[in-house]
Amino acid sequence: MAAKDVKFSGDARDRMLRGVDVLANAVKVTLGPKGRNVLIEKSFGAPRITKDGVTVAKEVELEDKFENMGAQMVREVASKTNDLAGDGTTTATVLAQAIVREGAKAVAAGMNPMDLKRGIEIAVAAVVKDIQKRAKPVASSAEIAQVGTISANGDAPIGKMIAQAMQKVGNEGVITVEENKSLETEVDIVEGMKFDRGYLSPYFVTNAEKMTVELDDAYILLHEKKLSGLQSMLPVLEAVVQSGKPLLIIAEDVEGEALATLVVNRLRGGLKVSAVKAPGFGDRRKAMLEDIAILTGGQLISEDLGIKLETVTLKMLGRAKKVVIDKENTTIVNGAGKKPEIEARVSQIKAQIEETSSDYDREKLQERLAKLAGGVAVIRVGGATEVEVKEKKDRVEDALNATRAAVQEGIVPGGGVALLRAKKAVGRISNDNPDVQAGINIVLKALEAPIRQIAENAGVEGSIVVGKILENKTETFGFDAQTEEYVDMLAKGIVDPAKVVRTALQDASSVASLLVTTEAMVAELPKADAPAMPAGGGMGGMGGMGF
C-alpha cells in the first residue's frame, strides 16, 4: 500500500479552500446574461468554448492533491444540481464557495463546526420554504418561452422553440437536442408513435419517389413471435382482403414463406401490406407491443394469452388513420385506441418511472410515456462551425431542463432576487447557541453571492445593486444585468424555475457544510520516479562483425 500524506485542521482547510476558489472562480465568470465564456483545451480536436457551469467544473483538475479534493467536492455540487434540476450549476457553485469561505473563517475563529453545520441546515430549510411559498405556477406558453430564453443566456429564438415544442408534445413528451448539418436551428415534431424499425422489404414501398410505405386507414396485426409459415396467417389475410383496407404486420420477425407471400400479394395488387420488426428487445419489446396495441385499439397476439394466429378476427386488429414507414422508422398516426385505456397505461408507466432506480430504465420508460402521451420533438441545433454548434447545444439543453423544472415547481423572480428576498425569512430566525446562530448568518451572507456575481460580471458594483434592491419593498424588484436597469423582474420576464434555485442552494449547502466540518485530509504521496535504465554497456567484442 502506498504511503499517505495527511494534513490537519487549519493547514487542511487552507489547501481545500484554495482548490474550492480555483474551481469556483473558473465557473462563476459564466454567471448571468453578461457572463463570459470559458475556453477548454481538448486532447483531440478543436478547443471547446462554453458558458455552461458544469462543463467547466468537470474539466478542472489541480496538481496539488489536497487542493484538488476541495475542487472535486465543489464539482460534485455542480454535477448533483445538474442531475436533479438540469440547470443552476453556476449558481450552486457560487453559493458553495460563499458558504465554505465564511464557514472556514468561523472555524478559524474557534467556533464549533458541528454547530455551524446545524445553523446552515436551519437557515437553508427556511429559504427553501420561502422559495416554495413565492413560486408562481407556469400557465402560458409565453412564460415557458421566458424561462427558456433566460436559461439560454437571453437567446429569445431558443426560448420560443422550446415553448413551441412543449406545446406540441405536452409536458410528458420527449424533447431531444441534436446537432444539425445546416446553419439553421429548427424544431422537428413527430406526432403519433414513432419507433426505429423500417420495412422488411423494399417491395412494400408505395411512394417510389420518397421510398416510403404509406398506408391510410390501416389494420395493424401485432404478433409477439416470429412469423415464418403462411398457413396460420391465411384466415386473417383473407378477412383483410375482403375489407379492402391495407394491413401493417408488426412481429418479432417476418421471414421465409410468410414474407415471400406478402411481397407477392403486394406486387400483384391483391393486398396492400407491409411488415416491420417489433421495436425493442426481450421484455421491453413485449411492453412496447402492448403500448402499440393500446394506442391502436388492438390486441397483442401472444400465446401467453392463449390467442393463436389462426383464430384472429378483424376485431382483434389495431386501427390507425395513417401509417408511414421508411427504411429506418415507422410512424403510426391517430391510432384508434380508447382514451381511458391509454390514460390508464400512461399512469402505469408513470408509476414504474417513480419506482425504478436505473437511469437507463427510466429513460426508456420516459420514451414510452412520450410516445403514448404526446409525441416526440427534436431540436436540431445549427451553426457555422462545430465549436459554435456545441456551445449553442449546451445552452439549448440548459434551457430545456430549466423549462421542465419551471413546469414542475413554478417560477420565481430571476437574477438572484429570489435568494436575496429570502434573507428576510432567515433574518427572523434566532438561536440561543452563538455558534448555531453564526451558521445561520453564514447562509444569510451567502444569499447575496449570486446577485453580486451577476452584477460584477456585468461590470457593476455588486454591493450597490444589493443595497438598492433591498431598499425597495416590491418583492419582484431586481436588477436586469442585460440592460443595467432596475426593473420588475416578473413583468420583464426575468424568471428562474423555483426547482433550480431550491436545488442549487440545497446541494451547495450540503457539500459546503461537509467541507466546513473537515478536520483532516488524506492523500497519496506522489511516487518517486523510478531510476532510468543504465546505458547498455557490456556489449563489447562485436567489433569484428563487419558493420
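Each residue, glycine too, has its Cβ placed from N, Cα and C.
Listed in Swiss-Prot:
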BINDING   Thr30, Leu31, Gly32, Pro33, Lys51, Asp87, Gly88, Thr89, Thr90, Thr91, Gly415, Asp496  ATP binding site
Let me make sure I understand the structure: which of the binding-site residues listed (Thr30, Thr90) has the fewest other Cβ atoms within 10 A of its Cβ?
Thr30
If you skip the near sequence neighbours and keep only those at least six away, which residues in the chain come within under 8 angstroms of Gly415 (ATP binding site), Cβ to Cβ?
Gly32, Ile451, Ile454, Gly478, Phe479, Asp480, Ala481, Met489, Ile494, Asp496
Surrounding CB atoms that lie within 10 Å of the CB of Gly88 (ATP binding site), all protein chains
32
Residue among the binding-site residues Gly32, Lys51 whose Cβ has the most other Cβ atoms within 10 Å:
Gly32
Span of the ATP site, taken as the largest CA to CA distance across Thr30, Leu31, Gly32, Pro33, Lys51, Asp87, Gly88, Thr89, Thr90, Thr91, Gly415, Asp496 (Å, rounded to a whole number):
17
